Structures are given as C-alpha cells and as structure tokens.
Amino acid sequence: MGTKHATNSSEFQVSEFILLGFPGIHEFQIWLSLPMALLYIIALGANFLILITIYLEPNLHQSMYQFLGILAVVDIGLATTSMPKILAILWFDAKTISLPECFAQIYAIHTFMSMESGVFLCMAIDRYVAICYPLQYPSIVTEAFVIKATLSMMLRSGLLTIPVPVLAAQRQYCSRNEIDHCLCSNLGVISLACDDITVNRNCQLTLAWLILGIDMILVCVSYALIIRSVLRLNSTEAVSKALSTCSSHLILIMFYYTAIVILSVTHLAGRRVPLIPVLLNVMHIVIPPSLNPMVYALRTQELKVGFRKVFDLSHYVSRK
C-alpha cells in the first residue's frame, strides 16, 4: 500500500494514493477511455485552431475574440490537468500518484475552473458594455482593459485556490490510500484523512461562493441588463443582431454553471451512487474545453471567415 512509519508507531502516514478509476465499473471502464480520448483530442485541436486563427486574422484582433483566445488557453490547461493521468489509469493501469502530485492536481483543477469562470465573467462584461454603451465601448474596452482583466482573473484564481491543496496536505492520511476516483478531487482525498476535515469542507464551500457564486451572480446581472437594453430597441433587426452577438456565450455559460449546480447536488447523493458524481466531475473537466470552440465556430460568422482564410478556403466557399 506504499506506507511509511510515522513518529507514533501505532499510526501510518501514506506516501502515495491509488486512483481506482470509476467506482462500480472498474472492469468496464477501459471502454470509457475511447470517447474521453476523442474529446481530449478535439479539445486540444479545436482550441489550438481558434488560437492560431485569432492570431493570424487581423479582423479578429478585438476584445471579444481576445477573451475567446484566453478561454481557449484555459480550456487546454483544464483538460490537460486531468486527462493524461485518467487515460494512463485506464490504458496502462498507472493508478499510483504521489501526495505532492495529487495536491498539485487539486490546485491545478481548482485554478483552471476558477479561471474559466473568470473568463466567462469578462466576456459577459464585454458584451454588456458593447450592447448597452456602444458609443463608449471603444474607449472603455481597450487592449489595456483586456490585459488588466486577464491578469486580475489569473491572480484571483491563482491566489484564492491556494488554501485548498495546502489544507489538504496538512491532514494526516493513515492506512487508507485508495481513492474511488480517476483524479484527485479535493473531497475524495480529504475523505481518507484520519483527523477532522471540517475546515477543509468549509474552505471548499467558501471558495465556491467567493469565486463561482459571485461570478454566476454578476454574469446573470450582466445578461439581465443586456436583455432589458435590447428589448428597448425599436428595430426587430437590431434586437436580432444584438442577441446574436452574445448567443454563443450565453449557451456556454448556461451549460457551465448548470453543470456545476448539478455536480454539487449529485455529490450529496454520491454515497448511494458514487459513479454519478465521479463521471460528472470528469465530464465537466473534458466536455467544456471541447464544446466551447465548436459552439463559437458554428455560431460566429467572423470566426468561420477566419478559419477559411487560415486554411485558404475562401476561394472555394461561396460568400453568403
């Protein structure tokens, strides 16, 4: 079990954790690796394509697409924090993970999840200013604004999530080291601790409200103001155009935060059906990075034109 003696000979401090994979379906979980590997490849390929297109196409050097490029980087990071290890478990039975690696994965997952939420908030504010204050938009949402917003979001995510792995590392892990999960989730890891984990649970809850909760409220307020402003427009065409500029963003935001709420609720019933929260946890890490670029690519005309130019397909595709 990979243990070592602690100072008290009656106790043991484990030196590594064992990730068992998906609970209840260990003998069948190899089949899950195929769709998960496909989703990971799509996430990497589609997000890199968006980054290259935004970089090469001058018409996409706008704040809306700059935030989309930042979202692509965060999506690549989020998927990469977990998917290589999950696939290694499923394909090569590489189930062991050292304590420092496990705590590092906890930190990386929380940081990138927080960054994703932060980027969605930045994009909501960008659309709010563009639609509600179109004349002032160029002077408010400048390149400096995008840089400051991005740095603020990165600092917030990087600093506020530090207590989660630090508190997890301070717990005593005696004898039990098997985690019925395919990644190091904070709640799954601290459930193995021998001492009290109340402070860890409270930290997780506080962090969720401080970051995801506040972001979700601000995003909802932004879109409520956008909808109110749009409904005041007299022209139906203007209403349609205004809503189309943020429809892709709204779809992804609704999916992201709805998935978080569902994941939180299913954790309450996790003892009865442990597979469901684990599966949803993994899907919430791999599906948004593969879904985000596809939704934007399918619903954003400027991005479609950018793809055609990058691949030199503009001559072969009829203009609408």
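Positions of Cβ are set from backbone N, Cα and C atoms, glycine also.
Annotation comment: TrEMBL describes 46-296 as domain 'G-protein coupled receptors family 1 profile'.
Below 8 angstroms of C-beta separation, residues 65-66, 68-69, 72-73, 75-76, 79-80, 83, 87, 286-287, 289-290, 292-294, 296-297, 303, 306-307, 309-310 of the same chain, each at least six residues beyond the ends of the transmembrane segment (37-56), sit close to that stretch. TrEMBL lists 37-56 (among others) with the feature transmembrane segment.
Annotation comment: TrEMBL describes 68-92 (among others) as transmembrane segment.
The transmembrane segment annotation in TrEMBL covers 207-227 (among others).
Here the transmembrane segment (248-269) has Cβ contacts under 8 Å with residues 116-117, 120, 123-124, 127, 187, 208, 212, 216, 219, 223, 276-277, 280-281, 283-284, 287-288, 291-292, 295-296, 299-300 of the same chain, all six or more residues outside its ends. Residues annotated as transmembrane segment in TrEMBL: 248-269 (among others).
Sequence annotations record features per position, and here TrEMBL assigns transmembrane segment to 275-298 (among others).
Long-range Cβ contacts of the transmembrane segment (207-227) within its own chain (Cβ-Cβ under 8 Å, at least 6 residues beyond either end) map to 110, 113-114, 117-118, 120-121, 124-125, 127-128, 131-132, 156-157, 160-161, 163-164, 242, 246, 250, 253, 257, 260, 264. Through the fold, the transmembrane segment (68-92) approaches residues 19, 21, 29-30, 32-33, 36-37, 40, 43-44, 47-48, 50-51, 54-55, 105, 108-109, 112-113, 115-116, 119-120, 122-123, 150, 182-183, 282, 285-286, 288-290, 292-293, 296 of its own chain, all at least 6 residues removed from its boundaries and within a Cβ separation under 8 Å. With a cut-off of 8 Å between Cβ atoms, the residues of this chain six or more beyond the transmembrane segment (275-298) that come close are 22-25, 36, 39-40, 42-43, 46-47, 49-50, 68, 71-72, 75-76, 78-79, 81-83, 86, 109, 116, 180-183, 185, 248, 251-252, 255-256, 259-260, 262-263, 266-267, 269, 304, 307. Mean predicted confidence for the domain 'G-protein coupled receptors family 1 profile' (46-296): the pLDDT average there is 90.
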